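K.L.:
For reference, the structure I am asking about is given below.
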């Protein structure tokens, strides 16, 4: 853990040391730190700081500004340099002149340049007030001072340089012989550059006025010196941030102000040229130009950030003189208005790797927008576009703001041979002096498996563990050697050796001296320039799974840093003003070596398998609710070289559980099949993984059965879908992958039995046409006038075991004949008994006949089926379509659409339709036996558990009514008249003959007894009336 933390620190912060940072605070509100530079003078090291609004002791001057020199060892110890001690005069107005806005040192023991760009000159008659600006040069250890104000003149007239503000951008050559002073306000703010020799005031040159198109271009806003045409003499790069139609421009000029080349910006308003510096970053002997564009915005940024800033690096071409090739781009700002590139500085070779480096300031960047400084290293290919170190203001002091507004470097101030960095933070009136730590370069870091073939033969078990287990082993050697300038002759390097570093959870290598350990921490005592090596014996853990992936071991290293246990941090001795502890070079802080396991794969040791998978299932569909287990027999053939970590993957529906796996090929010595509990993939699907061999040898087959159990509760779906795949850690040829995958789909079925029964009530309708067909009744107003009534009754029954959630019911009713005459007139909407309903239609009693008061009710329900012959349902074949089922035959029919459901198991729904036979139509039909039929068609469209009912056929039933007309029957059986007459005559003759025979036989005579007198005397009543037979 300690080593890991140290490594992290080394990567994040390279050799600019933050703990030893020295901070100076200037007068409050003085803009102390607006400009900075490093300076050496006669063995003394100084930090030069401009404070352009500082109050001075000059008589009559308010906030005239000052330049300070500060200690490199003691904080807050600064003194003002007396460049100008004179005060306000009739011709010189120095209040708010911003003296110290520019500060430049020519180098060790050289002159120092400081400017006041807002200095104002008054003419002798006081009629002319001109902010011409002025500069001072200090020599001889700040004892001699000279003033240069190139735009100041006593001549009367219109000279267009009265607002030149000389000194806003100014620099001095390293030899201290010449200064370049920028005057941005000359020529209507076109800008102007003056080249002034320091040993003759007459040695002055200046640029001329350009065309009116160059007005407001600000030539001279920034400047830097260097050899820009490879002639061995100092030239100057001058910033022009509003030039080139506001895209910005940098003009490269010789010392006599002859143009070398112009470099133009790329984005409007980016202020390209706000700052500029010159250094050789690729060590090709040619000076390169670095240009800041602090207002650059990346308009492709989707986070809405703007003015993040950008820096361009232009490389001087060795093949073409006076030309600069393409640039590298540095983007470092992390927040809006970070202003990355507001300051750039050449640092020299800050890490002594042979290439010069640069620093870039972003004064409004960082976590709290208090500023940041980015360090970039040079290389043979140019600048490294990734910052080697980022220093945030918060890391140095919470009191800093605008950290990185000004920068200086390129000079070793503390004497450790490494250039240091000076950072200005004017808004907080502070500067920060940052020292560079010595760099230890590990020239030699070797980690090497001492095996010529770089292969481990697992069968060659030439080492033994403490318990006597034979294992394969191999020697591993580490070697180190270091160098560096300004470093100690002996250094301690902390080393962490990690075996099989790519598999930290299941390492395959361990140290033989410390069994079951795969990492080791040690300290190496190294002598400068001497190689030190150690050898370790490492062994391969028995029964490893991964035999294909190379075994990579890694060595990580860092310098040992002495800590103070009393304070928990670096010792103050280690951070003293005279000595800084070294830091490890920025090269990768680790190194690796790789060894592979020897395989039976031919001379190239690369196995290319050819896996093929097939399957058989014990069912072709799954019946919902079934407790039968699903068994999938899987067969995998490897038709080529060994397949390592061969595995079968079965993607399961969430409702299917893994039960077990059964081996089918129980051959002795065959690879075992091991299945782990299903895990979820990136899509959340359960995946069963079964290992089938490591390796699955060439031309071997593995056959096994995966036993699964679908859940009793399935999510709504029409099928159980599985994906079966096989692969190995050594990939196959892409052309052979087609047989590595199979898809299994088992349709889900629900068992349900829908029956349809239908009857006609009555089945045979006998009626007399004359009762309904009458010439006197032309318009029917009552249903009794139409014809006899008939009922068609249908019953839908679900005999289970599953429910039917929804079914569409279609009743085809023969409403009219093909000629359009009424046939079976529906007098009312269907009566439904059960969970169903029918759509209202205009075909129900369209003539608005008066109906009988009696309505259909549930009393005449399915009990009507008893004792009568009913029509049973029939299933249409799977190839039948609903259009063929809904066919009305030789009539114009009405399709009555109903919806039924849910129909639970062993329940039914009854539909009753009441109609009248239209007798008038029947009388016009020549027929002997007339049959009228209706039909019901049922389509199940919703089953439980989301099962697709598409596999269920349509069900249908037909109800038939037979018509029998009474008067037509009699006509058909009538006896001819003459037969009736003859029969009547024969009957009369037969009767007379019978009477005659009976008379002859005395049948009509009655024998009476003899009469006596009493009987002969008639009876008399009291009133004299005779009672005779008539009284009976």
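Residue numbers in this text run from 1 along the chain shown.
Even glycines carry a Cβ here, placed using N, Cα and C.
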K.L.:
Match it up for me: which of 497-518, 519-540, 541-562, 563-584 does TrEMBL list as region 'Disordered'?
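P.N.:
Checking TrEMBL against the ranges 497-518, 519-540, 541-562, 563-584, the region 'Disordered' one is 563-584.
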K.L.:
Match it up for me: which of 950-974, 975-999 does TrEMBL list as transmembrane segment?
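P.N.:
Of 950-974, 975-999, TrEMBL gives transmembrane segment for 975-999.
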K.L.:
Any idea which of 834-859, 860-885, 886-911 is down as region 'Disordered' in TrEMBL?
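P.N.:
Result: 860-885 is the stretch TrEMBL calls region 'Disordered'.
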K.L.:
The transmembrane segment (975-999): which same-chain residues, six or more beyond its ends, come within Cβ distance under 8 Å?
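P.N.:
Contacts with the transmembrane segment (975-999): none.
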K.L.:
Might you confirm whether the repeat 'FG-GAP' (205-257) is in contact with the repeat 'FG-GAP' (389-451), defined here as three or more C-beta pairs under 8 A between residues 6 or more apart in sequence?
P.N.:
no
